[in-house]
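Working notes for the structure below.
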Ligand code: PBG
């Protein structure tokens, strides 16, 4: 008696394996997060994110040219705001000469065809480290949406292509979409962080931007990681409100959500492999406990296989080099 079918025939060698491979990854799939700081000649490594850096504008220019040469054509910008410019209302977020606005222009000047997406949330600008305005210890929704909308317009005026609201306030996508239409920015896109969970995996990112919440946590606006249906509800609402791309965040622990959303919606789905996921791989690899490149590729392919069309990842550059 022999097996009726021999599945191993399709695994005999790399030629046949590559012929039948279902999921392919390329630099086209990546969105590269970039951290920007004030100053000149600054390239600071983030302590909890080995080999990931904050750049001043002059070096940001060099970095984006390198990304472009590797086939990486989309960036997601974050800024580290000096403490003295932080307040409760995120006033600095709408400064036309603010760091984000200059960063957008810097990338566009260095690399006019690079797709520029910007983070929209108050936390890097907030004296409380929260994504919205704080009143009596609470994060208030509607006034926050007003500031986030003004911030989005300011990014559009500076030349961004897409805003990426990561704040999880209710109704912000509709408000931003309407403002774009009213102000004539009809081609401005919105990538909504629609299913963003309150996650402990954001720790290293908050080190990178010095943006950790000064009190409490983010559980009144970011989602409870025990929930699944809520992710679909959030995502469908954001699409109804005008989101062009939706996102699930974090990545690896949430691939069930990615697949479910992919099956439900007809807009591109992005996933964010967040800072803590990056840090875990780096730390284990430094100890010699995991093979860095192998684990990185396995995770990235898993995200794509789960249904993500776009992967925001701190590994984008490493992966693009490896994919050559
Ligand atoms: C802030 C924001 C966070 C991330 C992206 N935008 C942190 C947070 O919500 O506290 C996390 C990204 C990462 O960990 O890599 N609105």
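FYI, residue positions are counted from 1 along the chain as it appears here.
Heads up, the Cβ atoms here are built off N, Cα and C, so glycines get one too.
All TrEMBL annotations are machine predictions without curation.
Annotation source TrEMBL lists active site, schiff-base intermediate with substrate at 196, 249. The Mg(2+) binding site annotation in TrEMBL covers 234.
Taking a C-beta cut-off of under 8 angstroms and a sequence separation of 6 or more, residue 249 (active site, schiff-base intermediate with substrate) has the following same-chain neighbours: 166, 193, 195, 196, 197, 199, 271, 272, 274. Counting other CB atoms no more than 10 Å from each candidate's CB, the recorded positions 196, 234 peak at 196.
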